[in-house]
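Some notes on the structure that comes next.
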Amino acid sequence: MMGSSIKQLLLAFALIISTVSGVFAQEHTLDGQETKHEQEKGFNVGDMIKHHIRDDRGWEFAHGITLPLPVILYSKDRGLEVFSSSHLNHGAIYEGYKSEHGHIHRVDAAGKPDENVHVYDFSITKNVASLILSALILFFVFTSVAKGYDKNKGKAPSGLQSFLEPIVMFVRDEIAKPNLGPKYATYLPYLLTLFFFILVNNLLGLLPGGANLTGNIAVTMVLAVITFFVTSFSGNKHYWMHLVKPTGVPVALLPIMIPVEIVGLFMKPLSLMIRLFANITAGHIIILSLLALIFIAGQAGAGTGYGVSLIVVPFTLFMNLIELLVAFLQAFIFTLLTSMYIGSAIEEHHEADHGIGYEGPGVEIG
Amino acid sequence: MDLLIPDLGLLFWQIIIFGGLFFILRKFAWGPITQSLKEREDNIQGALDLAEKTRGEMAKLKSENEQILAQARNERDVMLRGAKETADKMVADARDRANIEGQRMLEQAREAMQNERQALVAQMKKEVVNLSIEVAEKVLRRELNDKASQEKLVQDLVATSHLN
(Lines of atoms letter the chains of each structure in order from A and count residues from 1; the text may use other names and numbers.)
(Lines give C-alpha, C1' and ligand atoms only; values in the text may rest on other atoms or scores of the structure.)
Protein backbone atom coordinates (compact mmCIF):
# COMPACT_ATOMS: atom_id res chain seq x y z
CA MET A 1 0.00 0.00 0.00
CA MET A 2 2.82 2.33 0.97
CA GLY A 3 4.90 1.27 -1.97
CA SER A 4 2.17 1.81 -4.52
CA SER A 5 1.24 5.26 -3.25
CA ILE A 6 4.90 6.28 -3.25
CA LYS A 7 5.20 4.95 -6.75
CA GLN A 8 2.16 6.94 -7.86
CA LEU A 9 3.52 10.08 -6.33
CA LEU A 10 6.84 9.44 -7.98
CA LEU A 11 5.26 9.00 -11.37
CA ALA A 12 3.12 12.09 -11.06
CA PHE A 13 6.17 14.02 -9.92
CA ALA A 14 8.21 12.66 -12.81
CA LEU A 15 5.57 13.64 -15.33
CA ILE A 16 5.14 17.16 -14.08
CA ILE A 17 8.80 17.90 -13.53
CA SER A 18 10.05 16.36 -16.72
CA THR A 19 7.63 18.52 -18.64
CA VAL A 20 8.69 21.63 -16.78
CA SER A 21 12.35 20.72 -16.81
CA GLY A 22 12.41 21.06 -20.55
CA VAL A 23 12.16 24.75 -19.92
CA PHE A 24 15.60 24.65 -18.33
CA ALA A 25 16.96 22.36 -20.99
CA GLN A 26 19.23 24.57 -22.86
CA GLU A 27 22.06 24.24 -25.26
CA HIS A 28 24.55 22.94 -22.77
CA THR A 29 26.28 20.14 -24.64
CA LEU A 30 28.72 17.49 -23.66
CA ASP A 31 31.55 18.86 -21.54
CA GLY A 32 30.08 22.30 -22.07
CA GLN A 33 32.77 23.19 -24.54
CA GLU A 34 30.37 24.30 -27.23
CA THR A 35 28.05 26.34 -25.08
CA LYS A 36 29.55 29.67 -25.83
CA HIS A 37 29.67 29.04 -29.52
CA GLU A 38 26.03 28.05 -29.58
CA GLN A 39 24.79 30.92 -27.55
CA GLU A 40 26.09 33.21 -30.20
CA LYS A 41 24.27 31.44 -32.93
CA GLY A 42 21.04 31.02 -30.97
CA PHE A 43 19.02 28.01 -29.96
CA ASN A 44 20.10 24.79 -31.64
CA VAL A 45 17.47 22.06 -31.34
CA GLY A 46 19.63 19.26 -32.67
CA ASP A 47 22.44 19.85 -30.20
CA MET A 48 20.03 20.22 -27.31
CA ILE A 49 18.40 16.91 -28.12
CA LYS A 50 21.73 15.15 -28.72
CA HIS A 51 22.97 16.43 -25.41
CA HIS A 52 19.96 15.02 -23.64
CA ILE A 53 19.97 11.58 -25.16
CA ARG A 54 23.73 11.08 -25.02
CA ASP A 55 26.02 10.19 -22.21
CA ASP A 56 27.73 12.90 -20.21
CA ARG A 57 30.76 13.18 -17.95
CA GLY A 58 28.89 14.90 -15.15
CA TRP A 59 25.31 14.51 -14.05
CA GLU A 60 23.45 17.71 -14.80
CA PHE A 61 20.23 17.91 -12.83
CA ALA A 62 19.28 21.36 -14.02
CA HIS A 63 21.10 24.06 -15.89
CA GLY A 64 24.22 24.90 -13.90
CA ILE A 65 23.69 22.21 -11.26
CA THR A 66 26.06 19.45 -12.26
CA LEU A 67 27.33 16.61 -10.17
CA PRO A 68 30.89 15.84 -11.27
CA LEU A 69 31.57 12.14 -11.69
CA PRO A 70 34.87 10.29 -11.57
CA VAL A 71 36.84 9.88 -14.77
CA ILE A 72 38.69 6.58 -14.86
CA LEU A 73 41.29 6.20 -17.57
CA TYR A 74 43.67 3.46 -18.47
CA SER A 75 46.65 3.99 -20.72
CA LYS A 76 49.62 1.71 -21.21
CA ASP A 77 52.24 4.21 -20.14
CA ARG A 78 50.46 5.77 -17.16
CA GLY A 79 48.29 2.90 -15.93
CA LEU A 80 45.06 3.64 -14.11
CA GLU A 81 44.16 7.27 -13.46
CA VAL A 82 41.16 8.61 -11.57
CA PHE A 83 40.09 12.25 -11.28
CA SER A 84 36.96 14.35 -11.18
CA SER A 85 35.18 15.14 -14.41
CA SER A 86 34.95 18.79 -13.34
CA HIS A 87 38.60 19.18 -14.39
CA LEU A 88 37.66 18.53 -17.99
CA ASN A 89 34.72 20.95 -18.13
CA HIS A 90 34.52 23.37 -21.01
CA GLY A 91 37.34 21.74 -22.94
CA ALA A 92 39.94 22.24 -20.22
CA ILE A 93 43.15 20.23 -20.35
CA TYR A 94 43.94 18.26 -17.20
CA GLU A 95 47.00 16.05 -16.71
CA GLY A 96 47.45 16.03 -20.45
CA TYR A 97 43.89 14.90 -21.15
CA LYS A 98 41.29 16.74 -23.12
CA SER A 99 37.71 15.70 -23.69
CA GLU A 100 36.40 16.35 -27.15
CA HIS A 101 32.94 15.23 -28.29
CA GLY A 102 32.87 12.89 -25.39
CA HIS A 103 36.18 11.21 -26.22
CA ILE A 104 39.20 11.74 -24.07
CA HIS A 105 42.50 12.22 -25.85
CA ARG A 106 46.00 12.62 -24.63
CA VAL A 107 47.24 16.00 -25.72
CA ASP A 108 50.74 17.38 -25.84
CA ALA A 109 51.89 20.65 -24.34
CA ALA A 110 50.66 22.60 -27.33
CA GLY A 111 47.18 21.19 -26.96
CA LYS A 112 47.47 18.96 -30.03
CA PRO A 113 45.97 15.47 -29.70
CA ASP A 114 48.60 12.77 -29.26
CA GLU A 115 47.55 9.98 -31.66
CA ASN A 116 50.17 7.52 -30.45
CA VAL A 117 48.63 6.95 -27.04
CA HIS A 118 45.42 5.00 -26.85
CA VAL A 119 43.39 5.89 -23.81
CA TYR A 120 40.83 3.40 -22.51
CA ASP A 121 37.95 5.25 -20.89
CA PHE A 122 36.23 3.45 -18.03
CA SER A 123 34.78 6.62 -16.55
CA ILE A 124 31.76 6.65 -14.33
CA THR A 125 29.70 8.70 -16.73
CA LYS A 126 26.15 9.85 -16.18
CA ASN A 127 24.89 6.59 -17.71
CA VAL A 128 27.17 4.45 -15.54
CA ALA A 129 26.08 6.41 -12.46
CA SER A 130 22.47 5.87 -13.43
CA LEU A 131 23.22 2.20 -14.01
CA ILE A 132 24.69 1.90 -10.52
CA LEU A 133 21.71 3.77 -9.10
CA SER A 134 19.25 1.46 -10.84
CA ALA A 135 21.20 -1.59 -9.68
CA LEU A 136 21.05 -0.30 -6.11
CA ILE A 137 17.34 0.43 -6.41
CA LEU A 138 16.70 -3.06 -7.76
CA PHE A 139 18.87 -4.63 -5.10
CA PHE A 140 17.23 -2.85 -2.18
CA VAL A 141 13.70 -3.14 -3.51
CA PHE A 142 13.89 -6.83 -4.26
CA THR A 143 15.85 -7.91 -1.21
CA SER A 144 13.26 -6.10 0.89
CA VAL A 145 10.51 -7.85 -1.07
CA ALA A 146 12.26 -11.16 -0.50
CA LYS A 147 12.46 -10.34 3.23
CA GLY A 148 8.76 -9.59 3.11
CA TYR A 149 8.13 -13.17 2.02
CA ASP A 150 10.14 -14.38 4.97
CA LYS A 151 8.38 -12.05 7.39
CA ASN A 152 4.87 -12.63 6.07
CA LYS A 153 5.30 -16.35 5.70
CA GLY A 154 1.89 -17.94 5.48
CA LYS A 155 0.27 -14.51 5.48
CA ALA A 156 -0.99 -12.14 2.82
CA PRO A 157 1.71 -10.01 1.17
CA SER A 158 2.02 -6.41 2.30
CA GLY A 159 3.48 -3.12 1.13
CA LEU A 160 6.01 -3.16 -1.67
CA GLN A 161 5.72 -6.91 -1.77
CA SER A 162 2.05 -6.82 -2.76
CA PHE A 163 2.80 -4.15 -5.37
CA LEU A 164 5.56 -6.10 -7.10
CA GLU A 165 4.22 -9.59 -6.63
CA PRO A 166 1.68 -9.34 -9.49
CA ILE A 167 4.46 -8.15 -11.80
CA VAL A 168 6.76 -10.99 -10.78
CA MET A 169 3.90 -13.41 -11.26
CA PHE A 170 3.09 -11.82 -14.60
CA VAL A 171 6.65 -12.41 -15.80
CA ARG A 172 6.51 -15.95 -14.53
CA ASP A 173 3.03 -16.91 -15.72
CA GLU A 174 2.65 -14.88 -18.89
CA ILE A 175 6.21 -14.68 -20.18
CA ALA A 176 8.28 -17.55 -18.83
CA LYS A 177 5.83 -20.43 -18.48
CA PRO A 178 4.07 -20.28 -21.88
CA ASN A 179 7.31 -19.91 -23.83
CA LEU A 180 9.75 -22.03 -21.89
CA GLY A 181 7.54 -24.88 -20.79
CA PRO A 182 8.48 -27.06 -17.84
CA LYS A 183 12.10 -25.85 -17.74
CA TYR A 184 11.07 -22.25 -17.09
CA ALA A 185 12.52 -22.14 -13.56
CA THR A 186 16.10 -22.19 -14.89
CA TYR A 187 15.62 -19.04 -16.93
CA LEU A 188 13.18 -17.22 -14.66
CA PRO A 189 15.85 -15.33 -12.66
CA TYR A 190 17.38 -13.99 -15.86
CA LEU A 191 14.01 -12.97 -17.28
CA LEU A 192 13.01 -11.27 -14.03
CA THR A 193 16.30 -9.41 -13.79
CA LEU A 194 16.02 -8.37 -17.42
CA PHE A 195 12.43 -7.20 -17.08
CA PHE A 196 12.94 -5.15 -13.94
CA PHE A 197 16.29 -3.80 -15.09
CA ILE A 198 14.80 -2.47 -18.31
CA LEU A 199 11.65 -1.25 -16.58
CA VAL A 200 13.47 0.62 -13.82
CA ASN A 201 15.91 2.19 -16.24
CA ASN A 202 13.14 3.16 -18.65
CA LEU A 203 11.33 4.86 -15.79
CA LEU A 204 14.50 6.50 -14.46
CA GLY A 205 15.14 7.79 -17.97
CA LEU A 206 11.79 9.53 -17.91
CA LEU A 207 12.72 11.47 -14.80
CA PRO A 208 14.01 14.99 -15.37
CA GLY A 209 17.78 14.93 -15.52
CA GLY A 210 17.65 11.18 -15.77
CA ALA A 211 20.09 9.33 -17.95
CA ASN A 212 18.96 7.78 -21.20
CA LEU A 213 20.38 4.41 -20.22
CA THR A 214 18.07 1.97 -22.00
CA GLY A 215 18.26 4.28 -25.01
CA ASN A 216 21.99 3.67 -25.15
CA ILE A 217 23.20 1.15 -27.68
CA ALA A 218 25.96 -0.19 -25.41
CA VAL A 219 23.44 -1.16 -22.75
CA THR A 220 20.96 -2.78 -25.11
CA MET A 221 23.86 -4.50 -26.84
CA VAL A 222 25.03 -6.14 -23.63
CA LEU A 223 21.50 -7.29 -22.85
CA ALA A 224 21.01 -8.64 -26.36
CA VAL A 225 24.38 -10.40 -26.37
CA ILE A 226 23.60 -12.04 -23.02
CA THR A 227 20.30 -13.23 -24.46
CA PHE A 228 22.18 -14.51 -27.50
CA PHE A 229 24.61 -16.46 -25.34
CA VAL A 230 21.89 -17.84 -23.10
CA THR A 231 19.95 -18.94 -26.18
CA SER A 232 22.98 -20.46 -27.85
CA PHE A 233 24.19 -22.32 -24.79
CA SER A 234 20.76 -23.73 -24.04
CA GLY A 235 20.13 -24.70 -27.67
CA ASN A 236 19.44 -28.40 -28.04
CA LYS A 237 20.32 -30.65 -30.95
CA HIS A 238 17.16 -29.82 -32.82
CA TYR A 239 17.83 -26.09 -32.61
CA TRP A 240 21.26 -26.41 -34.17
CA MET A 241 20.18 -29.03 -36.69
CA HIS A 242 17.45 -26.68 -37.81
CA LEU A 243 20.15 -24.29 -39.01
CA VAL A 244 21.65 -26.69 -41.52
CA LYS A 245 18.64 -28.83 -42.18
CA PRO A 246 15.42 -26.80 -41.87
CA THR A 247 12.41 -29.11 -41.67
CA GLY A 248 10.14 -29.25 -44.67
CA VAL A 249 12.43 -27.28 -46.97
CA PRO A 250 13.16 -28.73 -50.41
CA VAL A 251 16.84 -29.49 -51.00
CA ALA A 252 16.98 -27.02 -53.87
CA LEU A 253 16.14 -24.20 -51.50
CA LEU A 254 18.79 -25.11 -48.94
CA PRO A 255 21.49 -22.83 -50.39
CA ILE A 256 19.15 -19.94 -49.74
CA MET A 257 17.61 -21.15 -46.51
CA ILE A 258 20.80 -22.02 -44.67
CA PRO A 259 22.24 -18.48 -44.92
CA VAL A 260 18.83 -17.10 -43.99
CA GLU A 261 18.73 -19.31 -40.90
CA ILE A 262 22.25 -18.31 -39.93
CA VAL A 263 21.53 -14.63 -40.43
CA GLY A 264 18.34 -15.12 -38.42
CA LEU A 265 20.41 -16.42 -35.55
CA PHE A 266 22.19 -13.09 -35.27
CA MET A 267 19.26 -11.00 -36.36
CA LYS A 268 17.28 -11.93 -33.28
CA PRO A 269 19.61 -10.32 -30.72
CA LEU A 270 20.31 -7.51 -33.15
CA SER A 271 16.61 -6.71 -33.40
CA LEU A 272 16.36 -6.85 -29.60
CA MET A 273 19.23 -4.42 -29.28
CA ILE A 274 17.92 -1.95 -31.82
CA ARG A 275 14.27 -2.19 -30.76
CA LEU A 276 14.87 -1.15 -27.18
CA PHE A 277 17.48 1.46 -28.07
CA ALA A 278 15.35 3.02 -30.82
CA ASN A 279 12.09 2.99 -28.89
CA ILE A 280 13.48 4.70 -25.84
CA THR A 281 15.67 7.14 -27.73
CA ALA A 282 12.83 8.02 -30.08
CA GLY A 283 10.53 8.69 -27.16
CA HIS A 284 13.07 11.05 -25.64
CA ILE A 285 13.59 12.79 -28.97
CA ILE A 286 9.86 13.33 -29.46
CA ILE A 287 9.42 14.89 -26.03
CA LEU A 288 12.51 17.05 -26.43
CA SER A 289 11.45 18.14 -29.92
CA LEU A 290 8.03 19.13 -28.69
CA LEU A 291 9.55 21.18 -25.91
CA ALA A 292 12.02 22.70 -28.35
CA LEU A 293 9.05 24.09 -30.26
CA ILE A 294 8.46 26.47 -27.35
CA PHE A 295 11.99 27.82 -27.58
CA ILE A 296 11.90 28.11 -31.34
CA ALA A 297 8.66 30.06 -31.04
CA GLY A 298 10.20 32.00 -28.18
CA GLN A 299 12.85 33.33 -30.54
CA ALA A 300 10.09 35.10 -32.46
CA GLY A 301 9.03 36.81 -29.24
CA ALA A 302 8.25 35.86 -25.66
CA GLY A 303 4.48 36.07 -26.25
CA THR A 304 4.62 33.55 -29.08
CA GLY A 305 6.66 31.23 -26.89
CA TYR A 306 4.08 31.31 -24.10
CA GLY A 307 1.28 30.91 -26.64
CA VAL A 308 2.84 27.85 -28.21
CA SER A 309 3.58 26.37 -24.79
CA LEU A 310 -0.17 26.29 -24.08
CA ILE A 311 -0.51 23.73 -26.86
CA VAL A 312 2.83 22.01 -26.50
CA VAL A 313 2.80 21.34 -22.76
CA PRO A 314 -0.44 19.30 -22.73
CA PHE A 315 0.79 17.40 -25.74
CA THR A 316 4.13 16.72 -24.07
CA LEU A 317 2.27 15.53 -21.00
CA PHE A 318 0.37 13.16 -23.24
CA MET A 319 3.62 11.96 -24.83
CA ASN A 320 5.06 11.43 -21.39
CA LEU A 321 2.13 9.18 -20.54
CA ILE A 322 2.74 7.27 -23.74
CA GLU A 323 6.40 6.96 -22.78
CA LEU A 324 5.30 5.59 -19.44
CA LEU A 325 3.37 2.94 -21.31
CA VAL A 326 6.33 2.33 -23.62
CA ALA A 327 8.58 1.91 -20.58
CA PHE A 328 6.48 -1.06 -19.47
CA LEU A 329 5.83 -2.28 -22.98
CA GLN A 330 9.47 -2.38 -24.02
CA ALA A 331 10.49 -4.13 -20.83
CA PHE A 332 7.74 -6.65 -21.53
CA ILE A 333 8.66 -7.10 -25.19
CA PHE A 334 12.36 -7.52 -24.57
CA THR A 335 11.66 -10.12 -21.90
CA LEU A 336 8.98 -11.85 -23.93
CA LEU A 337 11.16 -12.12 -27.03
CA THR A 338 14.10 -13.31 -24.96
CA SER A 339 11.96 -16.05 -23.48
CA MET A 340 10.64 -16.93 -26.93
CA TYR A 341 14.14 -17.20 -28.34
CA ILE A 342 15.26 -19.36 -25.44
CA GLY A 343 12.01 -21.32 -25.77
CA SER A 344 12.68 -22.05 -29.42
CA ALA A 345 16.20 -23.19 -28.54
CA ILE A 346 15.13 -25.64 -25.82
CA GLU A 347 11.91 -26.82 -27.42
CA GLU A 348 11.63 -30.57 -27.81
CA HIS A 349 10.35 -31.68 -31.19
CA HIS A 350 8.85 -35.10 -31.22
CA GLU A 351 7.83 -35.12 -34.85
CA ALA A 352 8.51 -33.04 -37.91
CA ASP A 353 5.72 -30.57 -38.52
CA HIS A 354 7.05 -29.49 -41.90
CA GLY A 355 6.21 -25.95 -41.06
CA ILE A 356 2.52 -26.59 -41.47
CA GLY A 357 0.25 -25.38 -38.75
CA TYR A 358 3.24 -24.42 -36.67
CA GLU A 359 2.34 -21.41 -34.60
CA GLY A 360 5.53 -20.97 -32.66
CA PRO A 361 5.77 -20.68 -28.91
CA GLY A 362 3.96 -17.36 -28.78
CA VAL A 363 2.86 -14.31 -30.70
CA GLU A 364 5.48 -12.15 -32.32
CA ILE A 365 5.27 -8.57 -31.06
CA GLY A 366 7.16 -5.43 -31.87
CA MET B 1 29.99 8.59 -27.43
CA ASP B 2 28.13 8.76 -30.66
CA LEU B 3 24.60 7.49 -30.64
CA LEU B 4 25.18 4.30 -32.63
CA ILE B 5 28.69 3.37 -31.48
CA PRO B 6 28.77 1.48 -28.21
CA ASP B 7 31.00 3.14 -25.68
CA LEU B 8 33.72 0.88 -24.24
CA GLY B 9 33.40 2.17 -20.68
CA LEU B 10 29.65 1.77 -20.60
CA LEU B 11 29.89 -1.70 -22.15
CA PHE B 12 32.35 -2.67 -19.43
CA TRP B 13 30.27 -1.30 -16.57
CA GLN B 14 27.04 -2.67 -18.00
CA ILE B 15 28.48 -6.19 -18.20
CA ILE B 16 29.93 -5.96 -14.67
CA ILE B 17 26.91 -4.36 -13.04
CA PHE B 18 24.19 -6.23 -14.87
CA GLY B 19 26.01 -9.51 -14.35
CA GLY B 20 26.55 -8.76 -10.68
CA LEU B 21 22.96 -7.67 -10.28
CA PHE B 22 21.75 -10.87 -11.89
CA PHE B 23 23.76 -13.12 -9.58
CA ILE B 24 22.92 -11.12 -6.47
CA LEU B 25 19.22 -10.90 -7.25
CA ARG B 26 19.09 -14.56 -8.20
CA LYS B 27 20.52 -15.54 -4.84
CA PHE B 28 18.88 -13.00 -2.55
CA ALA B 29 15.66 -12.05 -4.31
CA TRP B 30 14.37 -14.27 -7.09
CA GLY B 31 15.20 -17.48 -5.29
CA PRO B 32 13.30 -16.67 -2.09
CA ILE B 33 10.50 -14.88 -3.95
CA THR B 34 9.73 -17.61 -6.47
CA GLN B 35 10.16 -20.23 -3.78
CA SER B 36 7.69 -18.47 -1.49
CA LEU B 37 5.25 -17.89 -4.33
CA LYS B 38 5.39 -21.55 -5.21
CA GLU B 39 4.97 -22.58 -1.60
CA ARG B 40 2.00 -20.29 -1.19
CA GLU B 41 0.39 -21.54 -4.35
CA ASP B 42 0.92 -25.11 -3.25
CA ASN B 43 -0.59 -24.18 0.12
CA ILE B 44 -3.63 -22.63 -1.49
CA GLN B 45 -4.04 -25.54 -3.86
CA GLY B 46 -3.64 -27.94 -0.98
CA ALA B 47 -6.24 -26.05 1.05
CA LEU B 48 -8.65 -26.05 -1.88
CA ASP B 49 -8.11 -29.74 -2.47
CA LEU B 50 -8.62 -30.44 1.21
CA ALA B 51 -11.83 -28.38 1.25
CA GLU B 52 -13.09 -30.30 -1.76
CA LYS B 53 -12.18 -33.60 -0.15
CA THR B 54 -13.77 -32.56 3.14
CA ARG B 55 -16.91 -31.49 1.33
CA GLY B 56 -17.06 -34.89 -0.33
CA GLU B 57 -16.51 -36.61 2.98
CA MET B 58 -19.17 -34.47 4.62
CA ALA B 59 -21.64 -35.39 1.90
CA LYS B 60 -20.74 -39.03 2.29
CA LEU B 61 -21.05 -38.76 6.05
CA LYS B 62 -24.41 -37.07 5.74
CA SER B 63 -25.77 -39.69 3.42
CA GLU B 64 -24.42 -42.34 5.74
CA ASN B 65 -26.08 -40.64 8.69
CA GLU B 66 -29.34 -40.52 6.85
CA GLN B 67 -29.03 -44.13 6.01
CA ILE B 68 -28.30 -44.98 9.61
CA LEU B 69 -31.23 -42.85 10.72
CA ALA B 70 -33.56 -44.50 8.27
CA GLN B 71 -32.35 -47.89 9.39
CA ALA B 72 -32.82 -46.95 13.02
CA ARG B 73 -36.32 -45.73 12.30
CA ASN B 74 -37.05 -48.94 10.52
CA GLU B 75 -35.71 -50.99 13.38
CA ARG B 76 -37.72 -48.98 15.84
CA ASP B 77 -40.86 -49.62 13.83
CA VAL B 78 -40.09 -53.30 13.68
CA MET B 79 -39.41 -53.37 17.38
CA LEU B 80 -42.57 -51.48 18.20
CA ARG B 81 -44.59 -53.78 16.05
CA GLY B 82 -42.96 -56.81 17.64
CA ALA B 83 -43.55 -55.46 21.14
CA LYS B 84 -47.17 -54.79 20.37
CA GLU B 85 -47.60 -58.26 19.00
CA THR B 86 -45.94 -59.78 22.04
CA ALA B 87 -48.08 -57.72 24.34
CA ASP B 88 -51.24 -58.71 22.51
CA LYS B 89 -50.19 -62.30 22.57
CA MET B 90 -49.39 -62.11 26.27
CA VAL B 91 -52.77 -60.61 27.02
CA ALA B 92 -54.50 -63.24 24.93
CA ASP B 93 -52.51 -65.98 26.57
CA ALA B 94 -53.27 -64.64 29.99
CA ARG B 95 -56.90 -64.46 29.14
CA ASP B 96 -56.88 -68.01 27.87
CA ARG B 97 -55.02 -69.27 30.86
CA ALA B 98 -57.36 -67.45 33.21
CA ASN B 99 -60.32 -68.94 31.42
CA ILE B 100 -58.88 -72.41 31.65
CA GLU B 101 -57.95 -71.92 35.28
CA GLY B 102 -61.40 -70.64 36.10
CA GLN B 103 -62.96 -73.58 34.32
CA ARG B 104 -60.70 -75.94 36.19
CA MET B 105 -61.50 -74.34 39.53
CA LEU B 106 -65.20 -74.49 38.83
CA GLU B 107 -64.85 -78.14 37.92
CA GLN B 108 -62.93 -78.79 41.12
CA ALA B 109 -65.48 -76.92 43.18
CA ARG B 110 -68.25 -78.85 41.56
CA GLU B 111 -66.45 -82.14 42.20
CA ALA B 112 -65.77 -81.19 45.79
CA MET B 113 -69.38 -80.26 46.30
CA GLN B 114 -70.44 -83.55 44.74
CA ASN B 115 -68.17 -85.47 47.07
CA GLU B 116 -69.37 -83.47 50.00
CA ARG B 117 -72.94 -84.15 49.14
CA GLN B 118 -72.30 -87.84 48.68
CA ALA B 119 -70.46 -87.95 51.98
CA LEU B 120 -73.30 -86.05 53.54
CA VAL B 121 -75.87 -88.39 52.06
CA ALA B 122 -73.89 -91.36 53.21
CA GLN B 123 -73.60 -89.86 56.64
CA MET B 124 -77.24 -89.17 56.74
CA LYS B 125 -78.04 -92.68 55.56
CA LYS B 126 -75.85 -94.03 58.26
CA GLU B 127 -77.48 -91.82 60.84
CA VAL B 128 -80.90 -92.83 59.61
CA VAL B 129 -79.95 -96.48 59.69
CA ASN B 130 -78.50 -96.12 63.16
CA LEU B 131 -81.51 -94.23 64.30
CA SER B 132 -83.80 -96.77 62.74
CA ILE B 133 -81.84 -99.62 64.27
CA GLU B 134 -81.96 -97.92 67.66
CA VAL B 135 -85.65 -97.34 67.26
CA ALA B 136 -86.07 -100.82 66.03
CA GLU B 137 -84.04 -102.15 68.91
CA LYS B 138 -86.04 -100.21 71.37
CA VAL B 139 -89.24 -101.39 69.73
CA LEU B 140 -88.04 -104.95 69.58
CA ARG B 141 -86.80 -104.91 73.12
CA ARG B 142 -90.19 -103.88 74.23
CA GLU B 143 -92.10 -106.30 71.99
CA LEU B 144 -89.97 -109.31 72.75
CA ASN B 145 -90.25 -109.28 76.45
CA ASP B 146 -92.15 -112.47 76.42
CA LYS B 147 -91.34 -115.72 74.91
CA ALA B 148 -94.40 -116.01 72.76
CA SER B 149 -93.96 -112.88 70.90
CA GLN B 150 -90.37 -113.81 70.24
CA GLU B 151 -91.43 -116.95 68.77
CA LYS B 152 -94.10 -115.30 66.75
CA LEU B 153 -91.67 -112.82 65.40
CA VAL B 154 -89.26 -115.46 64.37
CA GLN B 155 -92.03 -117.22 62.78
CA ASP B 156 -93.04 -114.14 60.85
CA LEU B 157 -89.54 -113.36 59.83
CA VAL B 158 -88.96 -116.82 58.61
CA ALA B 159 -92.21 -116.66 56.80
CA THR B 160 -91.37 -113.47 55.04
CA SER B 161 -87.87 -114.37 54.14
CA HIS B 162 -87.98 -116.68 51.29
CA LEU B 163 -84.80 -118.64 51.47
CA ASN B 164 -84.47 -120.06 48.13
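Yeah, the Cβs are placed from backbone N, Cα and C, and that goes for glycine too.
In TrEMBL, annotation is done automatically, which means it is predicted and not curated.
Sequence annotations record features per position, and here TrEMBL assigns signal peptide to A:1-25.
Feature annotation from TrEMBL assigns transmembrane segment to A:128-146 (among others). Within its own chain, the transmembrane segment (A:128-146) has Cβ neighbours under 8 Å at 59, 69, 160-161, 164-165, 193, 196-197, 200-201, 204-205, 210-211, 213, 219, counting only residues six or more beyond its boundaries.
Distant neighbours of the transmembrane segment (A:187-207): 11, 14, 17-18, 130-131, 133-134, 137-138, 142, 167-168, 171-172, 175-176, 180, 213-215, 219, 223, 226-227, 230, 234, 276, 280, 284, 320, 323-324, 326-328, 330-332, 334-335, 338-339, 342; these residues of the same chain sit at least 6 beyond its ends, with a Cβ under 8 Å from one of its Cβ atoms. Residues or ranges marked as transmembrane segment in TrEMBL: A:187-207 (among others).
Residues 53, 55, 127, 130-131, 134, 187, 190, 194, 197-198, 201-202, 204-205, 266, 268-270, 272-274, 276-277, 279-281, 283-284, 330, 334, 338, 341-342, 345-346 of the same chain lie 6 or more positions beyond the ends of the transmembrane segment (A:213-235) yet place their CB under 8 Å from a CB of it. Per TrEMBL, the feature transmembrane segment maps to A:213-235 (among others).
Residues annotated as transmembrane segment in TrEMBL: A:247-267 (among others).
The transmembrane segment annotation in TrEMBL covers A:273-296 (among others).
The transmembrane segment feature in TrEMBL is assigned to A:308-333 (among others).
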